[in-house]
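Down below is the structure, laid out as structure tokens.
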Amino acid sequence: MALTALSQLSMFEILNHRDDNLTMQMKSWLLVILIIGNIIGPVIFSLLAEIVGRKHALTALCISFLLSFFMCEIRIHSAVLFISKFIAGLSSGGAYVVVPIYIGEVAEKRSRGTLIALIMYPSIATADFFVIGLLERLGGHDLSSILNYISASLAIMATILSVTLVEESPFYYLKRGRELAAKSSLVKLRSNDSNHQMEFNEIQNQVHPNMSHTDVGVKFRIFVKYSWLKPLLLMTGILCLTPLSGISSFSFFMSYVSQSGEWDESLIQILYSAVNLLGSFVLPFIIDKFGRKLPFLISVIFMSITFIFMYILVLLESYSIHISPYFLLVSSLISYLAVGIGVGPIPFVLLGELFPLRNKMICAGMSTALYFTLALLLPQVMLWINYSRLGLYINIMVSIVVAIPLVILVKYFYPETKGKSLNEIQVEINKN
């Protein structure tokens, strides 16, 4: 997942430092191409993981990352740079689907949330802090090259590890009817004192659901046919409402704080990346202790409260009332921390848990593609709203209002997944 962050940060360096005679219009199109790749990537790699397996899909991700970094460093033609960013986008989008799904399938139920959060988000936040906080100080064109070479080296290591150490998911083997391979994979993934047979039976129940009803034939057909619908609607709702609930407004507050003139813009970026890093290491310690629902709800509510407070501060300043810039800075950092331990990463933890095996990859790919589509369109829509007759800062009000249905959705429709097997989660979701 660090490669995902590095591919995005490589784009940051191109936009801010790289001197390749690129016009601002070309740089803008590079960013659009990257996000379009983010949208298409989840669908492509989810289908690939369904056809060739999770292990080979992870290997393909590493190779495509490696290819994008090398192509980004080659300066034959600007078209090569555009292709490299598209491949980087495909890889990043695919990683957000394949990685949590794979970890969700191979991890034990008591530590599944911790592993998904630990493997995905600290690596992303560390890469972000490393580049923004350290390499950014070097500045200039050299930083882009350094970043590409470091990223390519990590991609090579990740490819080797994927080929040699990663075990295929026993869920995938069972779905393909390879029972012996599934048992062998499960034994390799677990310690010697684990109850392999009991867990294997649970996996079989996930692959072939066991309905405890008298009219088994009818209920089984309904379960298999429609068991994906509720998780898909739930996951799509969470992934769509999450960016609307406030994440998209952080760019506004960051730019507002930077424009106050009290701090250097690079210092602001370092502070935000440091807070993001802190939140990424807090989440793994709480997600399997307090569950997914409670941290998520607290995160959304706390974020909304700080947004209201910051909105009041901005309004007061618009009426020429002097407000200490420290209030807005501290409030925005606290709000960013709230996002980092809940509403930001937890939806992708749920992505690895909620979907039934039969339609898991394609449903996860569709949900994630929709999320990245919003990531492409939402900033432009919010920017248009800010400069329209609707008034400035209206996006902040939208964020606060949208937080209400998000809280309702998670509170009343999301079943807590902490400590439950994937089969138990499906029974819980489809029992009503």
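Note that Cβ sites are derived from N, Cα and C of the backbone, with glycine treated the same way.
Annotated features in TrEMBL:
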type	residues	note
DOMAIN	1-418	domain 'Major facilitator superfamily (MFS) profile'
TRANSMEM	29-49	transmembrane segment
TRANSMEM	56-76	transmembrane segment
TRANSMEM	82-103	transmembrane segment
TRANSMEM	115-134	transmembrane segment
TRANSMEM	146-166	transmembrane segment
TRANSMEM	232-254	transmembrane segment
TRANSMEM	266-287	transmembrane segment
TRANSMEM	294-314	transmembrane segment
TRANSMEM	326-350	transmembrane segment
TRANSMEM	362-385	transmembrane segment
TRANSMEM	391-414	transmembrane segment
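Listed stretches 56-76, 115-134, 266-287, 362-385, 391-414 were compared with the transmembrane segment (146-166); the greatest number of C-beta pairs under 8 angstroms is found for 56-76.
Listed as Cβ neighbours of the transmembrane segment (362-385) (distance under 8 Å, sequence separation of 6 or more from its ends, same chain) are residues 32, 35-36, 38-40, 42-47, 50, 93, 96-97, 100-101, 228, 231-232, 235-236, 239-240, 242-244, 248-249, 251-252, 347, 351, 355, 394-395, 398. With respect to Cβ pairs under 8 Å, the transmembrane segment (115-134) is most closely packed against 266-287, considering the stretches 82-103, 266-287, 294-314, 326-350. Ranked by number of Cβ pairs under 8 Å to the transmembrane segment (266-287), the listed stretches 82-103, 294-314, 326-350 are led by 326-350. Note on the domain 'Major facilitator superfamily (MFS) profile' (1-418): mean pLDDT across this stretch is 78.
For the transmembrane segment (294-314), same-chain residues at least 6 beyond its ends with a Cβ under 8 Å from one of its own Cβ atoms are 245-246, 249, 253, 256, 283, 286-287, 323, 327-328, 331-332, 334-335, 338-339, 341-344, 346, 393, 396-397, 399-400, 403, 406-407, 410-411.
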